[in-house]
Amino acid sequence: MILNCPHFQQQDCVSCQWLEKPYATQLTDKEIDLKRLISPFILQNFTEILPPVQSSQKQFRNKAKMVVSGSVERPILGILKDQIDPQSGIDLCDCPLYPTEFEAIFPILKDFIARAGLVPYNIAKKKGELKYILLTQSRYNQSVMLRFVLRSEQKRPLVERELPNLLAKLPKDSVVSLNIQPQHAAILEGETEIFLTEKTTIEENFNDIPLFIRPQGFFQTNPNVASRLYATAQNWIKDLPIQQFWDLFCGVGGFGLHCAKALQEKNENVQLTGIEISASAIASATQSAAQLQLKNVTFASLDSAQFALNDKGKSPDLVIVNPPRRGIGKPLAEFLNELGTPYLIYSSCNAQTMAKDFEALSNYSLQKVQLFDMFPHTSHYEVLTFLVKKS
């Protein structure tokens with residue numbers, strides 16, 4: 001086994017399905033899967049398949065999603081082996097995927113749970129308050145975003161009473177919030193977020209691009225690989241004749257900001273429009289653009305497909321898409337196919353739906369492909385592709 005993980009050995013946690021597979025074999029299997037899915041679009045003497053970008057094999061995750069079980073005096077942070085049995089809690093505080101700094105933070109959180117009287121939610125009895133702890137770290141400055149997912153606001157006064165003691169033990173510039181999820185269901189978070197700190201974001205930095213992590217906004221969980229993903233996209237387009245471009249499903253702006261910075265170094269009039277449904281992510285992207293002092297950059301909280309289909313402006317020179325697992329879907333793919341944009345960048349965490357979208361992008365040729373091992377020890381991977389309009 002390439003990682004010493006007692007939880008996998010005992011089959012308590014099998015999230016890393018491929019833990020017994022040598023890392024080189026994992027990469028080869030992912031490459032085979034990717035080539036199989038995109039084989040109809042690989043053109044001889046044209047499509048360049050670049051070597052995969054590897055990940056660290058441990059401590060690569062920046063985020064822990066912990067189900068809280070056990071008792072208020074002895075909380076268990078990890079998973080429930082049986083979703084409906086509150087006695088089946090497995091403590092995963094020693095998971096080898098987490099950053100080393102989490103090792104010191106988890107005991108602090110267990111102590112805080114006891115002091116604030118945050119009784120773990122019992123799914124069988126529908127009683128208790130604390131459902132999950134969500135912990136995210138910035139690799140840039142080691143600050144953390146700590147979110148307590150509670151059934152109600154009932155324990156807020158006790159949490160606030162114990163907060164100064166907690167903050168004194170957490171890294172500088174950390175963010176603490178309560179998320180209220182009242183439903184009796186295995187839903188990770190609710191809509192209400194109550195910040196207990198003045199700061200509401202933690203700052204990450206990839207390739208001198210500041211990126212801001214907020215609650216309820218998507219952020220890649222493997223920062224080392226993510227930073228190389230964004231840098232690669234930037235490198236692919238930096239010398240192209242681009243006046244304006246779209247970043248659809250832009251999240252916190254990782255792709256768009258990297259590309260805008262490189263393009264505006266040569267031509268400050270280059271325009272970027274970034275579109276994302278999550279208002280929280282758009283607030284982060286806007287904050288980054290302001291800090292970078294980029295001009296002609298607009299981020300808007302809209303549905304990416306609806307924006308593209310309804311836009312009556314000048315056609316962009318480049319469109320970047322980074323959709324969720326379902327892909328961009330047929331209507332948007334067909335629209336982009338007819339739009340006639342010279343260049344497309346498609347980043348995907350699901351090559352199967354990407355290949356389906358490629359079928360509708362028949363006016364484009366696949367020029368570059370690179371696999372990024374964002375999710376080691378699993379069958380999942382990220383893939384970055386570059387498509388050009390057929391002449």
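Glycine is treated like the rest: Cβ placed from N, Cα and C.
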Out of Asn165, Asn179, Asn322, Swiss-Prot lists as part of the S-adenosyl-L-methionine site with Gln220, Phe249, Glu276 the residue Asn322
If Swiss-Prot gives Cys5, Cys13, Cys16 as binding [4Fe-4S] cluster, which of Cys95, Cys250 does it give for that site as well? Cys95
Validating a neighbour-count step here. Other CB atoms within 10 A of the CB of Cys349 (active site, nucleophile): how many? 19
I'd like to confirm something. Which of the binding-site residues, Cys5, Cys13, Cys16, Cys95, has a Cα closest to the Cα of Asn322 (S-adenosyl-L-methionine binding site)? Cys16
When you measure from the Cβ of Cys13 ([4Fe-4S] cluster binding site), which residues in the chain that are at least 6 apart have a Cβ under 8 Å away? Cys5, His7, Gly78, Ile79, Ile90, Leu92, Cys95
Taking 10 A as the limit, how many CB atoms besides its own sit near the CB of Gln220 (S-adenosyl-L-methionine binding site)? 24
Counting Cβ neighbours within 10 Å across all chains shown, tell me which of the binding-site residues Cys5, Cys16, Cys95 comes out on top. Cys95
